[in-house]
Amino acid sequence: MISSSLKYSTVIPILLYALTFSSSVSARPATFLQDFKVAWADSHIKQIDGGKAIQLILDQNSGCGFASKSKYLFGRVSMKIKLVPGDSAGTVTAFYMNSDTDNVRDELDFEFLGNRSGQPYTVQTNVYVHGKGDKEQRINLWFDPSADFHTYTILWNHHHTVFYVDAVPIRVYKNNEAKGIPFPKFQPMGVYSTLWEADDWATRGGLEKINWSRSPFYAYYKDFDIEGCAMPGPANCASNPRNWWEGANYQQLSAVEAKQYRWVRMNHMIYDYCTDKSRNPVTPPECVAGI
C-alpha cells in the first residue's frame, strides 16, 4: 500500500514533469472513427460528444474492444482513459499494440487490473518480441485512475520503447540488438483496447472474483492520438531519421525522466519478472542490459 505522505509529496513534482513533457510535442487528438473501428461487440461501445469520446461496457453478456484502422511501424500512440470505478475486481482494461502475427507476434501491453474498492489500481506492462513474452512488470498507480482521465502513452522508435503514465515513464525496453537481444522493429503493429472479464487471474492472482451485481462496468476514452508510419505507406517512412519520434530528445530518457523512472520503480513497483527467481533462476539478458 502506498503511504499517504509519499503519495502527496510527489504529486506536485509529477505534475510539473508532465507539463514539461506535454509542451515539447504537438498532440493530434482525433475523433474515434478517424483512426479506429469497433473490433467486437459494437453494442457495448458508445460514442460520446460526436465521437470525441467513447464508453466501453462490460456486463455478463459481453465485453468489447476496438482497433486502429491501420498498423504502424514506429511512432507514438496515446489516449486518455478513465478506468472502471469502485469494485472493479476481475475486470481488465487493456491498451496495447499488436502485430497480429500469431506465434511470432510483437506486442506492447498496458493492462489495468481491477481492484476491490479502496485498494490501489495496478497496471501491468508486458513486451512480446518475435512471439516471446513473459516480461510482466506491475506497478500500483499513485492516483485514482477512475476519478478522472489520465494519459497513457507508448513511444516506440529504433532506440527504445517507453511506457508513460501522464508523461511519467514507468517502463523502458531498450534496443539492445547489439548484445543479441531481440527488439521489435520489423512488424507493423495495430493499436487496440479492450474491456473484459478475467477474474481467473486479474485481481490478487484470481482470488478476488468479479462482482456481477456491480455491472455494467464502464471505462471511458478520449483524445485519441496516433503519430507514426502507417502501413502500407511510403517505404522510407519507418527508416526516416527526421521523424520527430526518432529525434535526439526521444532516443533516451532525459535527466528529469530518468529521475521519474527511478522514483516509480523504487516506490510503486510490486512485481518485476527480472527479479522473480522462481520463474527466471538466471536473470534474463534484457534485464541486465540497462535502459
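Placement of Cβ uses the backbone N, Cα and C atoms for every residue, glycine included.
TrEMBL entries are annotated by machine, without manual review.
As given in TrEMBL:
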type: DOMAIN; residues: 1-221; note: domain 'GH16'
type: SIGNAL; residues: 1-27; note: signal peptide
type: ACT_SITE; residues: GLU107; note: active site, nucleophile
type: ACT_SITE; residues: GLU111; note: active site, proton donor
type: CARBOHYD; residues: ASN115; note: N-linked glycosylation site
Using Cβ atoms only, which residues of the same chain lie under 8 Å from GLU107 (active site, nucleophile) while being at least 6 residues apart in sequence? TYR96, MET97, ASN98, SER99, ASN126, VAL127, TYR128, GLY133, MET189
Measuring CB to CB from the residue listed as 'active site, proton donor', give everything in the same chain under 8 Å that is also at least six residues away in sequence. VAL92, THR93, ALA94, TYR96, VAL123, GLN124, THR125, ASN126
Chain-internal residues, separated by at least six, CB under 8 A from ASN115 (N-linked glycosylation site): SER88, ALA89, TYR121, THR122, THR203, GLU208
